[in-house]
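Q: One structure, as structure tokens, below. Some questions next.
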Amino acid sequence: MAALAPPVAAIRIAVRRALTALPADGPVLVACSGGADSLALAAATAFVAPRLGRRAGLVTVDHGLQEGSAGRAEAVACWAVEAGLDPVEAVPVTVAGRPGGPEAAAREARYQALVDAARRHRAAALLVGHTRDDQAETVLLALARGAGPRGLAGMPERRDLDGVPLLRPLLDVTRDDTRKACAALGLTPWEDPHNADPSYARARVRADVLPVLLRALGPGVLDNLARTARLVAADTAALDDLAAAALAAPAREASPGDGPVGGGVVVGVRAVGGGLSVAALAALPTAVRTRVLHAWARELGASPAALSHRHVAALEALVTDWHGQGATHLPGGLRVARRAGRLLPLGGGPG
Ligand SMILES: Nc1ncnc2c1ncn2[C@@H]1O[C@H](COP(=O)(O)OP(=O)(O)OP(=O)(O)O)[C@@H](O)[C@H]1O
């Protein structure tokens, strides 16, 4: 028997690790574009899942944006059936008419179709093929746009997508390895023209920025960027937890010796009679306060997509830079004002 190529083995190990952590019920569904990353993922899942006594299927979404896209989706689906995956679906979606740029609209349509398929098949999880290279690109793009820790934390290995667990088993695998694995298995991946289109920032990072960094700083750069994402993600999760605890608890009079947060003590911020206590907010470290304000704005009804750091900064100014300014406007027509030591939504929203 021919020796197994190392990238094929590494990808199977990564998939095995992801699948063994899942609850027993329901198939896993691989989201596959036909590109090298998700094709290598699908091939590894087709191999590993039955050996773990689990069903594995595949969904490929046809955005209908390029000539021949339906044929490409059909070809991926035919390969998947031959590879023993079941269920297999090629789902056409309509991208035109959705809000946002074409890329965002395509992503939204794709994720909706994937979630619908996962629900239809009562899937235990959806698997996507993001690699360590994708993670490094994500971190660089976040750095360049000043995204803050949430962006620098990159893509999580696991997240909830409208109630469906979304897994990224290949975050420790390089794109080079997914290509090598496809070659070793005799698979011909589809080359998405968008990946080389310089009008996309990610494509420019991929083609121009990462190669320079790798040449100048050595091959450890990809690893280091991905590690940065993991470290930042852990810190961010801890700060989010502190903010959630502060937002859940009633404000009380601060007494000398109270750390703002620390020693297991979290100062609550809910004011008696509604709204948030300005004094309690002021006692929090900035990193926790901004998270509290962000979470509260969402609770009031501001859509996360529309809520920007400028809105949160304006809310924060009501606490830390108060000079009698008027109400702050939030997305969705919401307004928040400072009144008698409290931040209050105007117009009788939830407090
Ligand atoms: N048309 C599609 N149908 C199903 N899943 C998709 C589709 N496009 C992308 N995905 C999923 O989302 C992941 C990320 O896609 P994206 O296009 O951002 O990355 P990529 O690096 O080009 O991945 P790939 O090489 O697998 O196309 C893919 O690995 C795949 O799991």
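Cβ atoms are placed via backbone N, Cα and C, with glycine included.
Fair warning: this is a prediction, and the values are worked out from it, not measured in the lab.
From TrEMBL, for reference:
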type	residues	note
BINDING	Ser33, Gly34, Gly35, Ala36, Asp37, Ser38	ATP binding site
DOMAIN	28-207	domain 'tRNA(Ile)-lysidine/2-thiocytidine synthase N-terminal'
DOMAIN	276-343	domain 'tRNA(Ile)-lysidine synthase substrate-binding'
Q: Can you give me the residues near the recorded ATP site, meaning same chain, not Ser33, Gly34, Gly35, Ala36, Asp37, Ser38 themselves, Cβ no more than 8 Å from the center of the site's Cβ atoms?
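A: Other same-chain residues with Cβ inside the cutoff are Cys32, Leu39, Ala40, Leu41, Gly129, Thr178, Pro189, Trp190, Asp192.
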Q: Please work out the helix, strand and coil residue numbers for the domain 'tRNA(Ile)-lysidine synthase substrate-binding' (276-343) from the DSSP assignment.
A: 35 helix, 13 strand, 20 coil
Q: May I ask which of the binding-site residues Ser33, Gly34, Asp37 have a CB within less than 6 Å of any atom of ligand 1, listed in sequence order?
A: Ser33, Asp37
Q: Cβ distance under 8 Å to Ser33 (ATP binding site), same chain, sequence separation 6 or more: which residues?
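A: Counting only residues 6 or more apart in sequence, the Cβ neighbours of Ser33 (ATP binding site) under 8 Å are Thr60, Val61, Val76, Gly129, Trp190, Asp192.
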